[in-house]
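Notes for the one structure printed next.
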Amino acid sequence: MSASSRGGRALSSLLRSQHTRQTSSVPRRVCIQCANTTTTTTTTTLLQSSRRAYSATATAAAEPSSSSSPIPPPPVTTSSPSASQQSQDVRYRIKSGIILTRPPLLTRQLTPFESAFFLYQKRLNERLTAPFRKEFYFKQDTATDLDWKIKLKERHGVPAKDIGRYNPRGRMGWNDEVMVGSTTSDHELGVVQKLLHDAEARVSEDGEEIVDEADRVKPEPPQPRTTEADAKNDTRRLDRKLDQTLYLVVKRKGAAQKTADGKGGDEDVWTFPAGDVPTHEALHETAARVLAESAGVNMNTWIVGRVPVAHYIQSPPPTTTTTTTQDSSSSSSGRGEKVFFLKGRIMAGQADLAGNKHGYTDFKWLTKDELKDTLEEDYYRSVRNMFELR
C-alpha cells in the first residue's frame, strides 16, 4: 500500500471521529459508500486549502503568454579600432621578391681523399674482373688491332687507361695504394692527360705505325673549368663559377630615412628584386611581375613554387608611432617592410635593367660566399638558410 493511501485512511478515520463527537447528540446512520465519498471530498478540499497562495501566481508569471511579443536581444556595442591599432596595421608594407638562381653547370672539384678513393676502387675492380678479351673487339691484323697492341705495350700490359702503372695480376698486384704526393689520382694532371695521350692514333689507315708525334692526330681536349669571366672577375656574366649556384642581386638607392635599428640612408644597397603586393595579386604573381619590370623580359625563367622560401622584416623608423593613420598610409617612407621571397630559375637569357620601373642601377650574378660580403648583415641573415649547398 502506498503512503498516500495510508495517509488518506488515517485522515478519514480522524474526521469520522470528530464528526461523531459533534453529532453524538443527534444519532445518524451513514452507509459505508457515503462515508468514503465524504472523506475523499473533504481530503481534497483540505489539500487544496493547504497550498501556498503565492505558488500559483509565481507559476503563472513564469510562463510567458502567447500573445506577448518576444524579448528583444540585448544591444551589442562594437567599439571601433582605436587610432593606435590602425597605425599598427599600416606600419608595414607587404612586398614580394624573387631569388633568381642559375644552377651549377659542372660537378664540383674532387677532394684529394675522394680522388684517391676513386683510384683505389678502379684498381680493385681490375683485380676482381675477368681478363680483357680483345678478340671480341678487334679483328686480328687490322689497323685497330695494331694500335691496341702498341698502346697496351706503353701501359705495361694493363688494359685500363686511368689507373697508372699498376698490373692487377702481376707479382705486385697487392700494392694498390698511391703514394703521398703522386699525381696519378689527380683529375687534371693525371687522368685527363693520360686519356688524351692514349686517344692519339698510333697507326695510320694503311696499317703503318706513326712514329713521329707531330704526325699524330691530336684529339680535342675538354674545355677548362674556368672561363674568361672568371679570369676577368666579370660578375655580370652567367658563364662564371660554373660549379656553383649564382644569384641575381640588384642595386638600388637607400631610403632617405634611417630605420629603427639606425641603419639605412642615402647609400646604395644590394638586394634581391622586390615590389609591393597589390590586393588583387598573389605573392608568386607579384614576384613574376617584379622580375619582368626590373630585369626585363629577355630571360627564360621559371618560378619554382608559390610558397616563400625566406622573408625579411625591416622595422619602421621610431617616428611612425606618432603619425596618424592618414599620414602613414599616404607616405610609404614612414613604414617598414615585410618582404617574402620566392625561388626562381633562369634557363636562358640575361638581365637587362634598361627602363626598369623600380629604380635599379646595376645587377650582379654572385655566389653564396660573395653574397655574404655584398648584402647587408641583417638582410643576409634573413635569407641565408635558403641558399644551395654550393
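The backbone N, Cα and C atoms fix where each Cβ goes, and this holds for glycine too.
What TrEMBL says about a protein is an automatic prediction, not a curated fact.
Features of the protein shown, as given by TrEMBL:
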| type | residues | note |
| --- | --- | --- |
| COMPBIAS | 1-17 | compositional bias 'Low complexity' |
| COMPBIAS | 55-69 | compositional bias 'Low complexity' |
| COMPBIAS | 77-88 | compositional bias 'Low complexity' |
| COMPBIAS | 320-333 | compositional bias 'Low complexity' |
| DOMAIN | 92-230 | domain 'Large ribosomal subunit protein mL46 N-terminal' |
| REGION | 1-27 | region 'Disordered' |
| REGION | 55-88 | region 'Disordered' |
| REGION | 202-234 | region 'Disordered' |
| REGION | 314-335 | region 'Disordered' |
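Broken down with DSSP, the domain 'Large ribosomal subunit protein mL46 N-terminal' (92-230) shows 50 helix, 13 strand, 76 coil.
Confidence in the domain 'Large ribosomal subunit protein mL46 N-terminal' (92-230), given as mean pLDDT, stands at 86.
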